[in-house]
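Trainee: Let me begin by handing over the structure; questions about it come next.
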Amino acid sequence: MPRQAGVFLLGTSGIIPPNQVEHMETACTIHEYKVLHPFAFRTHTHALGSPPALAHTGGSEGFAIGCRSRHNFPRNIGRRFLPYKAMNLFLGRVLGKCRVQPKPVARSLRQHPCKVVSGYVVRRSLNGDKWQLLGKKDPQLPQMFYPVRDQSPISYGDVLAARCTMNNTLNYPVPIGATNKDEMCNFYLMYWVENDTPMAQKYCFSPGPPYYYWNYAPENFNRIPDFEASTL
């Protein structure tokens with residue numbers, strides 16, 4: 001077949017702390033020698049992807065946890081081999097019993113008029129990262145595939161990245177999970193290849209908050225479009 005289509009899913013695990021706006025982020029480098037032609041994207045969250053207007057510092061560098069448990073939260077966890085269900089169960093039990101206080105990154109407060117899921121291709125160079133927007137959408141709109149913003153080919157060494165900006169107005173932490181009491185953070189990218197087969201890699205998942213943020217990713221990103229990625 002001259003052309004074949006594929007779907008690449010970016011998502012996260014993690015916990016959204018109570019009464020807080022949180023960034024759920026993921027990124028994976030393309031390690032296959034293929035040329036991907038992106039043409040459509042789709043976003044998916046549950047209720048916390050809704051659009052209230054809140055001020056937010058743009059992220060958290062860690063958590064101050066006060067509870068009787070002696071659990072320690074490691075800063076770096078390999079996202080490729082993370083036990084997805086086990087981590088959510090562990091975090092849910094610990095954070096459900098703890099008082100969680102985010103330690104904000106030293107940034108100016110910005111107004112986030114609505115919540116959004118955004119996806120990027122990051123092209124690395126000695127002059128700095130170039131973040132090209134593939135698409136972003138209010139996840140509460142009809143969930144269908146929309147045309148991508150940029151159809152430039154994606155190839156070996158490029159990085160696919162996604163962010164879900166979540167607003168938890170509840171008084172308890174919300175984990176990633178399959179039910180309507182849980183949350184999800186998904187960005188689907190559709191692409192086609194010419195005289196080739198789709199990528200063997202189908203997914204890109206990170207541990208999510210409080211373990212993973214773009215600011216601390218192993219790719220050592222720079223020029224992160226922090227405000228743009230969380231606004232429509």
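Glycine too: its Cβ is placed from the backbone N, Cα and C atoms.
TrEMBL annotations: computationally assigned, not manually curated.
What TrEMBL records for M184 is Cu(2+) binding site. For C164-C185, the entry in TrEMBL reads disulfide bond. If you look up TrEMBL, you'll see 4-50, 115-216 marked as domain 'Copper type II ascorbate-dependent monooxygenase C-terminal'.
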Trainee: In the domain 'Copper type II ascorbate-dependent monooxygenase C-terminal' (115-216), how many residues does DSSP put in helix, strand and coil?
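Mentor: Taking the domain 'Copper type II ascorbate-dependent monooxygenase C-terminal' (115-216) as a whole: 3 helix, 46 strand, 53 coil.
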Trainee: What count of other C-beta atoms do you get within 10 angstroms of the C-beta of C185 (disulfide bond), across all chains shown?
Mentor: 33
Trainee: Quick check on the domain 'Copper type II ascorbate-dependent monooxygenase C-terminal' (4-50): DSSP residue counts for helix, strand, coil, in that order please.
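Mentor: Summed over the domain 'Copper type II ascorbate-dependent monooxygenase C-terminal' (4-50), the classes give 3 helix, 31 strand, 13 coil.
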Trainee: If you count Cβ atoms within 10 Å of the Cβ of C164 (disulfide bond), leaving out that atom itself, what do you get?
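Mentor: The answer is 33 other Cβ atoms.
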Trainee: What residues, ordered by sequence, lie under 8 A Cβ-to-Cβ from the residue listed as 'Cu(2+) binding site' and sit at least six positions away in the same chain?
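Mentor: The list for the residue listed as 'Cu(2+) binding site' reads G11, H44, T45, H46, I176, G177, A178, given in order along the sequence.
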